[in-house]
Amino acid sequence: MGYFSSSVVLLVAISSAFEFGPVAGRDLAIRDNSIWDQKEPAVRDRSFQFVPSVGIQNSKSLNKTCCLNGGTCILGSFCACPPSFYGRNCEHDVRKEHCGSILHGTWLPKKCSLCRCWHGQLHCLPQTFLPGCDGHVMDQDLKASGTPCQTPSVTTTFMLAGACLFLDMKV
């Protein structure tokens, strides 16, 4: 955790002890009846209290070496990464994770099922899509290499394309 100067610590202690707060018609006053009139109500909200910075900084404005890909630097050494990035410095992009030679997000028929490369893993649907599979899926845990055992017919290709479009609408 960062260190605060003695003047900052003193200011926080004084503001807490005397409960400084904004007063209607004035910039800053001590909450004491001798300083402001009872006719002017005090506008006191806890959100106006002095709160020291916790060190959350935008990497674009201060520390460009802390976080990559638009991440937000926290306490000088941790990053809050935007969607699809991860790692200590937001250096990894999940959209670029492929399944071997298959690109991320690609759909392909694989041994009676329809599979998709997603975040570096090949995920296969449990339904059968190819003819000749007798209602069951063979080998769901497939590797990304290789080719399908048979070439799908035109009807099957259109059915697969429709399923892909339907599933892409859900994601």
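Our numbering is plain: 1 for the first residue shown, then up by one each step along the chain.
Including glycine, each Cβ sits where the backbone N, Cα and C put it.
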Recorded disulfide counterpart of CYS81 (Swiss-Prot; options CYS67, CYS90): CYS90
Cross-link partner of CYS115 (disulfide, per Swiss-Prot) out of CYS112, CYS117, CYS124: CYS124
Record Swiss-Prot, residue CYS99, disulfide partner from CYS79, CYS117: CYS117
Candidate cysteine (CYS112, CYS164) that Swiss-Prot pairs with CYS133 in a disulfide: CYS112
C-alpha spacing of CYS79 (disulfide bond) relative to CYS73 (disulfide bond), in angstrom: 5
Packing count at CYS79 (disulfide bond) (other Cβ atoms within 10 Å of its Cβ): 22
Number of Cβ atoms other than its own within 10 Å, given for CYS117 (disulfide bond): 21
